[in-house]
Amino acid sequence: MTGFTPLLEIIGSDLGFGVTLAGLLGTVPAASFAIFGFLAPAVTRKFGLERTATVALGLTALSLLVRAFSPTPLLLVLSTVLALAGIGAANVVVVPLVKAWFAHRLALATSLYLILMQAGQFIAPLLAVPVAEAATWRLSVGIWAGPAAVAGVVWLVLAIRLPAEHHAPAAVTSTDAGPRISRSSTVWGLVILFAMLSLSNYGIITWVPAVLTDAGGGAALGGSMVALYSSWGMLAALVVPHLATRMTNPFVVVVGCAIFLVVGYLGLLLSPLGGTLMWMCALGIGVSTFPLCMTLINRRTKSPQTASAVSGFVQGIGYGLACFGPIGLGLLREATGSWSIPILVLAATAIPGVIAGWFACRPRFVEDSAPEPTKRDADQQLRR
């Protein structure tokens, strides 16, 4: 998505859509991640983690190719939704995959996959405008089908080689955490923290290029600043999971990130072109709670099954709340005629993020912090 938003004006002029649809396209990632975040745990229970990952990556690759050749705004939106559906399912599945395959190396495995994720988010906006100007926006958008296809083939080979019993649905018991996670204050802390950082992330990716353009910067500046912002995600992916596994309560990380986030937004508001590098670096550090959330999902659960359920719940609701961000910020911009109110709204998300972070970081397992399941919960779970 970071390689797509810098091209929205170019694509809009070619296909004939304006700022409202651009804001909708900025909302699509979070909405897709929300819907398929909820669906992914049920799919993995039926087909297994590895098969679900294979299908998710295949859907992503195919949809990205369709998006690159879209002749109309409608097909562009539909293909974007399908591509992000695959990515959303993969986002949820990768957390329990780490729990299942690397239980004793959570920090290392989490860092590796987050670094690769952030590398893509960093490289894409750097290449987006230059490739579009040298060739066409369709090539700039379509090249990202390649990495997804390669990853899908790797997972396909692994899924085929694994014995059939490996993919068998896990037995569900009355003590399963599925019906209980919605009662856990730890889980709800993760949900709100994840929602606030996602709202910031998609707001930045979608609208910072426009903020800088309105202030007098060029399209290439917007793309390069989104890339700079994303590059901090790689450092965070390297450092934060290791901190989270070594600290009993990593709440100090949440507070530090909130401070950087507010500084970045205020700087972007008061002097968008005079210190842009500094503001984007601060914002990049500010959303380092993303790798913290991904690590805590595994650290605060006892099994891959619970990790999958919590991952889907946190990402489903978190992205669902965040999906109103990009289009809401765009509407605020149109209503007020400036970026002041939208930026202040983004800065204010640090407050609920800190409060939620206190609950999420407490050293307790989800299975222990949630109330015991009722007989009705157990009966419903056994009927599934």
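The backbone N, Cα and C atoms fix where each Cβ goes, and this holds for glycine too.
TrEMBL does not curate its annotations; it predicts them automatically.
Residues or ranges marked as domain 'Major facilitator superfamily (MFS) profile' in TrEMBL: 1-365. Summarised as a single figure, the pLDDT of the domain 'Major facilitator superfamily (MFS) profile' (1-365) averages 84.
The transmembrane segment annotation in TrEMBL covers 15-40 (among others).
Taken from TrEMBL, the feature transmembrane segment covers 52-69 (among others).
Counting residues 6+ beyond its ends, the transmembrane segment (75-94) has Cβ neighbours under 8 Å at 1, 4, 11, 15, 21, 24-25, 28-29, 31-37, 39-41, 43-44, 49, 52-53, 55-64, 66-67, 113, 148, 308, 311-312, 315-316, 319 in the same chain. The transmembrane segment annotation in TrEMBL covers 75-94 (among others).
Marked as transmembrane segment by TrEMBL: 106-129 (among others). Through the fold, the transmembrane segment (106-129) approaches residues 1-7, 94, 98-99, 140, 143-144, 147, 219-220, 223-224, 226-227, 230-231, 233-234, 236-238, 241-242, 244-246, 290-291, 294-295, 298-299 of its own chain, all at least 6 residues removed from its boundaries and within a Cβ separation under 8 Å.
Within the same chain, residues 3-4, 7, 11, 48, 50-51, 53-54, 57-58, 60-62, 64-65, 67-69, 86, 120, 124, 127, 131 sit at least 6 positions outside the transmembrane segment (141-164) and bring their C-beta atoms closer than 8 Å to a C-beta of that stretch. The transmembrane segment annotation in TrEMBL covers 141-164 (among others).
Feature annotation from TrEMBL assigns transmembrane segment to 185-205 (among others).
Summarising the annotation, TrEMBL assigns transmembrane segment to 217-239 (among others).
The feature transmembrane segment is assigned by TrEMBL to 251-271 (among others).
Taken from TrEMBL, the feature transmembrane segment covers 277-297 (among others).
Annotation source TrEMBL lists transmembrane segment at 309-329 (among others). Residues of the same chain lying 6 or more positions beyond the ends of the transmembrane segment (309-329) and with a Cβ under 8 Å from any Cβ of it are 20, 23-24, 26-35, 37-41, 88, 91-92, 95-96, 177-178, 181-182, 187, 190-192, 194-196, 198-203, 206-207, 293, 297, 300-301, 342, 345-346, 366.
Long-range contacts of the transmembrane segment (341-361) within the same chain: residues 185-186, 188-193, 196-197, 199-200, 203-204, 207, 211, 249-251, 253-255, 257-259, 261-262, 265-266, 268-269, 286, 289, 293, 296, 300, 329, 332-333, each at least 6 residues beyond the stretch ends and with a Cβ under 8 Å from a Cβ of the stretch. Per TrEMBL, the feature transmembrane segment maps to 341-361 (among others).
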Leading contact stretch, 52-69, 185-205, 251-271, 277-297 vs the transmembrane segment (217-239) - CB distance under 8 Å: 277-297
Same-chain residues at least 6 beyond the ends of the transmembrane segment (52-69) whose Cβ lies under 8 Å from its Cβ atoms: 40, 43-44, 75-76, 79-80, 82-83, 85-87, 89-90, 93-94, 97, 138-139, 141-142, 144-146, 148-149, 151-152, 155-156, 159
